[in-house]
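If you check TrEMBL, you get these features:
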type: ACT_SITE; residues: 54; note: active site, proton donor
type: BINDING; residues: 112; note: substrate binding site
type: DOMAIN; residues: 20-259; note: domain 'NADP-dependent oxidoreductase'
type: SITE; residues: 79; note: site 'Lowers pKa of active site Tyr'
Ligand SMILES: NC(=O)c1ccc[n+]([C@@H]2O[C@H](COP(=O)([O-])OP(=O)(O)OC[C@H]3O[C@@H](n4cnc5c(N)ncnc54)[C@H](OP(=O)(O)O)[C@@H]3O)[C@@H](O)[C@H]2O)c1
């Protein structure tokens, strides 16, 4: 039984994280933020995903306060952007993010993208922020298996979440399997492939069969393969739809979705971002 406001995953640090969250990328106007967060909360979403890069932390913080619910009723995810990585910048930029959000802590703080020359010092700062209680849980985003293995050589504690791009055209099966072995919960960003997978005819047929929409089929597939999802919508009907996932896909349907992979990304290739500031300069020569 999936209940958006109650169903959680157990994280390896002892905390619980909602399975379903709400993405806020490109929601950049206060009115729209208020409407979408209100609508999401009413439909059972309790987790809200922002990032320093989105420049909407203050709007999200205000919208959450406008809900007039206790702070512990919501789970806030924030991410430290590439520009703010390194030890001191990570600490200082997180303090600024907390100010913007109007809260003493985030529930989950993520390294937005791995950066080669700031790799270990950024994580050291994350471990300090956790000890100080400014981040209840710490995790990463867009980390590959090799980057997680590298992190393990120096980390005192490992990330509890890896937020990565995954949808039927980029199923990331090996990385999700690896995350699971390491007790890391995988969270899907762009779970709907920013719309690119919604007109797949096979997914369309499954949707008709279940009396659901293609988006619901995809999000249900994610939940059944044991990962967390943070779909974004600014449309009240679709916000409601994306939280209404209490149905079951058969093993055959799960297998059909598993084999749609095309290694097709909508976002950046993590290995290129990792060399940020190095590789790009070489390209310019
Ligand atoms: N860690 C990272 O590097 C990273 C990168 C990208 C994104 N993210 C996070 O992940 C969140 C989700 O990813 P995303 O926003 O890129 O893409 P997404 O959630 O895969 O797709 C959003 C798009 O799909 C449409 N949509 C949503 N629900 C729908 C439905 N039921 N039926 C039809 N269309 C639907 C939305 O349009 P409407 O709004 O008009 O409904 C929007 O155009 C972001 O908002 C952000 O919080 C993280």
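Even glycines carry a Cβ here, placed using N, Cα and C.
The shown structure was predicted, so the numbers you read here are calculated from the model rather than taken from an experiment.
Mean pLDDT for the domain 'NADP-dependent oxidoreductase' (20-259) in this predicted model: 97. Counting Cβ atoms from all protein chains shown, the residue listed as 'active site, proton donor' has 20 others lying within 10 Å of its own Cβ. For the pair the residue listed as 'active site, proton donor' and residue 79 (site 'Lowers pKa of active site Tyr'), the Cα-Cα distance reads 10 Å.
Here the Cα atom of residue 79 (site 'Lowers pKa of active site Tyr') is found 5 Å from that of the residue listed as 'substrate binding site'. Around the residue listed as 'substrate binding site', the same-chain residues six or more apart in sequence whose CB sits under 8 Å from its CB are 51, 52, 53, 79, 80, 81, 82, 141, 142, listed in sequence order. Every protein chain shown contributes to the tally, and the Cβ of residue 79 (site 'Lowers pKa of active site Tyr') ends up with 24 other Cβ atoms within 10 Å.
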